[in-house]
Amino acid sequence: MEIQAMTAFEIKKGIEEGKFTSEEIVKKLFERIKEVDPKVEAYITLCEEEAIKSAKVVDEKVKNGEKLGKFAGVPIAIKDNICTDGIKTTCASKMLGDFIPPYDATVIKKLKAEDAVIIGKTNMDEFAMGSSTENSAFMKTKNPWDFKRVPGGSSGGSAAVVAAGIAPVSLGSDTGGSIRQPAAFCGVVGLKPTYGLISRFGLVAFASSLDQIGPFGKTVEDCAMTLEVISGYDKMDSTSSRKEVETDYLSALDGSVKGLKIGVPKEFFGKGLNEEIKASLEKVMGKLKEMGAIVEETTMPITEEGLSSYYIISSAEASSNLDRYDGIRYGYRAKDYESVDDLMAQTRTEGFGKEVKRRIMLGTYALSSGYYDAYYNRAQKLRKEIRRQFKETLEKYDLILSPTSPVLPFLSGEKSENPMEMYLADIYTVNINLAGVPALSLPCGFSKEGLPIGIQIIGPHFGEKKILKAAYALEKELKVDTLAIK
Ligand code: GLN
């Protein structure tokens, strides 16, 4: 089988069974990357030498009959806001353009402990702020299904590498939709786990109460396999959950949705939803019924207000998190300045892009005295109500179904001058982060023009197994192609 079509699961099995070596896989993959990535522009940094070295270590283990990790020899791409020891981690910002972390994020440590092979760092919107990957300081990643279109964002690079067949799996981060929306735009599977299930240690902070790391894959199985490796309590992250959860996610994939109760809030069919996406969602609802699930219309009136709450809270947290980039402690420093204050101002003026500056200003404003109650406090109250509505709905239903994005992948440049329009692309995803529940985007077909469409499956806190089970069953039924470039 050709490297671009192989899943992480197939690679792992093949290496275990001695059908091929990890070194062979990694070398083939880099050949493919060199051919395809110049067109897609999804990687900021490639680590070929290190990858071959790690692959050889795994191959030695196989030769000596040693016990292999759960990710034995499988290549994985990492979003460039997740710290990798000795490998540049830029957040697609001039501010961190030369930053080489002296440590690994916990998810990277866990992957390495299970014998994964890190192949490179992927492009994103600067500091994960955006929905199109156009806010990167370095390059604009293309949608592998149509190079004129955006791959979604902010984890656009991580979604594109999987769809382009230049990484079997990848990690992204999701603060308001940044895994699910690009997964939908690129026609691959993307999962945002429950807040607290995955350690955020070593993930460069955007909005700490919303950020979560999660996997992208061509299949639900690959996402489940990756989640098994990266999840779990971590003492290095004070928001990491101590709850005992069964993390044998692969065992949940039994192909059945019989008896599952699925709610579809009518608010998700509001104005602004693309007709073809709506039709796809209805088709999936019908399929689920045929497969034995109970699908009902329900209501979640808060849906629209979520967006304003999200942009206030996430910007407020970002304005505080990003104050560490002052030109003194680390990262970029302006060359010309007259005083310490001037040094900070100049550094930030030159180091941050437009969208990041916009969020810092918005957040600082919302937190300033006199406006705090009107904006930040109100947004927090709304957040409470959103959490309550999700809790209530997920007590009645096992899962909630919705579109992932109201729009199809848009043209590059189409929304970049209109931030409000760009923010609207997140209407179905942000509430999930505010509530802290998990959700997965599953490819469910294509528009007439051949653009991918994704649906979102939302579950209760720590309900990843339920989500993966339903997604796996649907995936088998829908049989949607997830490889854009053959
Ligand atoms: N598009 C949203 C934003 O710009 C979500 C970003 C994210 O999830 N990192 O904030």
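In case you wondered, yes, glycine gets a Cβ from its N, Cα and C as well.
Noted in TrEMBL for the protein shown:
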{"type": "DOMAIN", "residues": "24-468", "note": "domain 'Amidase'"}
{"type": "ACT_SITE", "residues": "Lys79", "note": "active site, charge relay system"}
{"type": "ACT_SITE", "residues": "Ser154", "note": "active site, charge relay system"}
{"type": "ACT_SITE", "residues": "Ser178", "note": "active site, acyl-ester intermediate"}
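Positions of the features from TrEMBL, shown on the structure.
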| residue | record | DSSP (3 states) |
| --- | --- | --- |
| Lys79 | active site, charge relay system | strand |
| Ser154 | active site, charge relay system | coil |
| Ser178 | active site, acyl-ester intermediate | coil |
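Reported as a whole number, the C-alpha separation between Ser154 (active site, charge relay system) and Lys79 (active site, charge relay system) equals 10 Å. The C-beta environment of Ser178 (active site, acyl-ester intermediate), restricted to residues of the same chain at least 6 apart in sequence and closer than 8 Å, consists of Met124, Asp125, Ala128, Ser131, Gly153, Ser154, Ser155, Gly172. The 6 Å Cβ screen around ligand 1 retains Ser154, Ser178 from the active-site residues Lys79, Ser154, Ser178, ordered by sequence position. Contacts of Lys79 (active site, charge relay system) defined by a Cβ separation under 8 A and a same-chain sequence distance of 6+ are given as Lys121, Thr122, Met124, Ser155, Gly157, Ser158, Ser170, Leu171, Gly172, Ser173, in order along the sequence. Of all the Cβ atoms in the protein chains shown, 35 others lie within 10 Å of the Cβ of Ser154 (active site, charge relay system).
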